[in-house]
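Since the structure comes first, as structure tokens, the remarks are kept for the end.
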Amino acid sequence: MQEKCFSIKGYFFLFSRFSLDIFSNSLAARFRALFLLRNAKDDQSVELICKCFSDPSVLLKHELAYCLGQMQNQTAIPFLIKVLEDESQEPMFRHEAGEALAAIGDLDNKFGVAEILKKYSNDPVVEVAETCQLAIEMILWRKSNGNMPRSQYDSIDPAPPLDDENKTVDELVSILLNQENTLWERYRALFALRNLNTDAATKAISKGLFSEDSALFRHEVAYVLGQIQSPVVISELKERLSLLNESGMVRHECAEALGSIGTEECRQILVEFLKDKERVVRESCEVALNIAAGEDVFENVL
């Protein structure tokens, strides 16, 4: 099939049309348009992404906020602050907005991000409060250490990996699973384990899926397993996805991780949950299956 080439302007048009639901396109198609805008990183792409903040899909909205954080364009900061401050928004969306604020950074406090994060570090929604606590730590770390480089997985992470190269997998997993440690310490151990990129380290990370003290922590563990894309943890991800009383934030991330791994076994698991009672889980499975299949979702709309 002949490859199509489109200008960034064409993608802007496409995504803005998607946001108004003029076309009946799949969520996976909108995700791919979003990823194209994320790669543009300029003010216009930020503004187009923010126009979708009223979308009924919390999965899409949370991905919008995540992408804004990864773009690191300060134009997004006022929009993300409004999301974090809006207590009528879904916790998953507000969490991602808080995390994105730390990823972008406001080290000179031009936008007052530090005060806003401090305020919402006591939010009644635990996942939002924990996110803001981590974001405060991240900004303090960046002030002392400078901007954190993108990881080997091309992501801006919510915490830097522990920088002690002499720590063993057992020592790192001990920090990871110790609920007396702060989330900041546990996240740093998590990213250090991820960067080892071994089967032993990956299996060790998967134990975090069963840390019952924090849904935010479990969701980050699932996200990291999706980055690693190793089939050695399929059974653990399936187990947590299958737990119907688990937070949708965690279950959706397990589904996306399975989609990233992308084996036939993963696809079969995702198909099982396409009719899940939670919309965010259903939609995550839909998007994960499309991405795992490598479908060109623009094919019929451009």
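Don't overthink the numbers, they just go from 1 along the chain as shown.
Including glycine, each Cβ sits where the backbone N, Cα and C put it.
Per TrEMBL, the feature Fe cation 1 binding site maps to H62, E63, H95, E96. Taken from TrEMBL, the feature Fe cation 2 binding site applies to H219, E220, H252, E253.
Mapped onto this structure are the features recorded in TrEMBL.
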{"residue": "H62", "record": "Fe cation 1 binding site", "DSSP class": "helix"}
{"residue": "H95", "record": "Fe cation 1 binding site", "DSSP class": "helix"}
{"residue": "H219", "record": "Fe cation 2 binding site", "DSSP class": "helix"}
{"residue": "H252", "record": "Fe cation 2 binding site", "DSSP class": "helix"}
Sequence-distant neighbours of E96 (Fe cation 1 binding site) in its chain (C-beta under 8 A, six or more apart): K61, H62, E63, A65, Y66, G69
Local Cβ density at H95 (Fe cation 1 binding site) - other Cβ atoms counted within 10 Å: 31
CB-centroid shell, 8 A cutoff, Fe cation 2 site H219, E220, H252, E253, site residues removed: R218, V221, A222, Y223, M249, V250, C254, E256
Integer Å distance between the CA atoms belonging to H95 (Fe cation 1 binding site) and E253 (Fe cation 2 binding site): 14
Integer Å distance between the CA atoms belonging to H95 (Fe cation 1 binding site) and H219 (Fe cation 2 binding site): 11
Distant-in-sequence Cβ neighbours of H252 (Fe cation 2 binding site), under 8 Å, six or more positions away: L59, M92, E278, V280, V281, E283, S284
H219 (Fe cation 2 binding site): tally of other CB atoms within 10 A of its CB: 24
